[in-house]
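Inspection log for the structure reproduced underneath, given as structure tokens.
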Amino acid sequence: MGRPEFNRGGGGGGFRGGRGGDRGGSRGGFGGGGRGGYGGGDRGSFGGGDRGGFRGGRGGGDRGGFRGGRGGGDRGGFGGRGSPRGGFGGRGSPRGGRGSPRGGRGGAGGMRGGKTVVVEPHRLGGVFIVKGKEDALATKNMVVGESVYGEKRVSVDDGAGSIEYRVWNPFRSKLAASIMGGLENTHIKPGTKLLYLGAASGTTVSHCSDVVGPEGIVYAVEFSHRSGRDLLGVAKKRPNVVPIVEDARHPHKYRMLVGMVDVIFSDVAQPDQARIVALNAQNFLRNGGHAVISIKANCIDSTAEPEAVFAGEVNKLKEEKFKPLEQVTLEPYERDHAVVVAVYRPVKGKKV
């Protein structure tokens, strides 16, 4: 019996898959097709496969995964098909990959639809609970048929017609994480005028747009021009979103665009966040209005304990005529984050 031929690019993939073979040989190979592959294949690939996720190995095992090696093990593991997290943005990821709205399949993670899906109203106005195999938060889609960041959509027939809901992923939105964490009231409801500081690519802004509805308005402020481009794309399809690409430290630069608002939501992750919120409140927030502030402890003081940082920020808000109402941490969705709700210049005798 002769030695097997080491084919560098042939039809069958050679001894271990060849370098660019058609099928990738017996278990995947370096660049082959069938099951592993560095950039090819059907199941394992680093960047190209159908099932394997981000870490499918360099030609890994039968199912992809971190331990597949160059022509290696049988099933792999870390980012493979059966992984509880599905790789970085893989098939079953509850996080759906973080970051940009161009997340491809990643954002589809989070909820398994099932045949029977029931939608019930949440105690907070404009927010809903989708009950299937798993429960999830959702908002009524203002732009039917459109996903913003790859999130799942659920259509329910209510007799008069079909209503579409967008699943709200708490791993991608700090506001959703705070609701899941038990926040009593976000004060964002249908008809609310909202000033959103730190809008990023418009992920949470799009859900706020759904919540406030056509009677409300969302002024979305983002300093980064790159994120601002994505935000503009969201605003083009949503008439109640006003995109503002400007520094939230200088509210006078956009004072001609923003009217008086009921709520300020802040997610700017800056050391002087309390001051930024106070400046915007002085310009735009009505007396008795509310601020909902997402605090990232590491951005304010990376050496102190998170609880001490949160307490320090609350004290700064008190100095700026805010009265804190409630505070929740965002575990397990975000580490060392808290959301604080405060009322601005509370009106005597009026419920806050």
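Glycine is no exception: its Cβ is also placed from the backbone N, Cα and C atoms.
According to Swiss-Prot, the S-adenosyl-L-methionine binding site annotation covers Thr203, Thr204, Glu222, Phe223, Asp247, Ala248, Asp267, Val268, Ala269, Gln270, on the basis of similarity to another entry. The Cβ of Glu222 (S-adenosyl-L-methionine binding site) lies under 8 Å from the Cβ of Gly198, Ala199, Ala200, Gly228, Leu231, Pro243, Ile244, Val245, each on the same chain and at least six residues away in sequence. Look at Glu222 (S-adenosyl-L-methionine binding site): DSSP puts it in a strand.
As annotated by Swiss-Prot, compositional bias 'Gly residues' applies to 8-18 (among others).
The compositional bias 'Gly residues' feature in Swiss-Prot is assigned to 26-59 (among others).
The compositional bias 'Gly residues' annotation in Swiss-Prot covers 66-113 (among others).
The asymmetric dimethylarginine feature in Swiss-Prot is assigned to Arg8 (among others).
Here Swiss-Prot flags Arg23 (among others) as asymmetric dimethylarginine.
What Swiss-Prot lists as asymmetric dimethylarginine is Arg27 (among others), and the listing cites similarity to another entry.
For Arg35 (among others), the entry in Swiss-Prot reads asymmetric dimethylarginine, with the evidence type similarity to another entry.
If you look up Swiss-Prot, you'll see Arg51 (among others) marked as asymmetric dimethylarginine, on the strength of similarity to another entry.
Annotation source Swiss-Prot lists asymmetric dimethylarginine at Arg55 (among others).
If you look up Swiss-Prot, you'll see Arg63 (among others) marked as asymmetric dimethylarginine.
Marked as asymmetric dimethylarginine by Swiss-Prot on the basis of similarity to another entry: Arg81 (among others).
According to Swiss-Prot, the feature asymmetric dimethylarginine maps to Arg85 (among others).
According to Swiss-Prot, the asymmetric dimethylarginine annotation covers Arg95 (among others).
Residues or ranges marked as asymmetric dimethylarginine by Swiss-Prot on the basis of similarity to another entry: Arg102 (among others).
Among the features that Swiss-Prot reports, asymmetric dimethylarginine is placed at Arg105 (among others).
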Cβ neighbour count within 10 Å of Asp247 (S-adenosyl-L-methionine binding site): 13
Those residues of the chain, 6+ apart, with a Cβ under 8 Å from that of Asp267 (S-adenosyl-L-methionine binding site): Lys174, Tyr196, Leu197, Gly198, Ala200, Thr204, Ser294
Packing count at Thr203 (S-adenosyl-L-methionine binding site) (other Cβ atoms within 10 Å of its Cβ): 26
Assigned element (helix, strand, coil) containing Asp247 (S-adenosyl-L-methionine binding site), judged by DSSP: coil
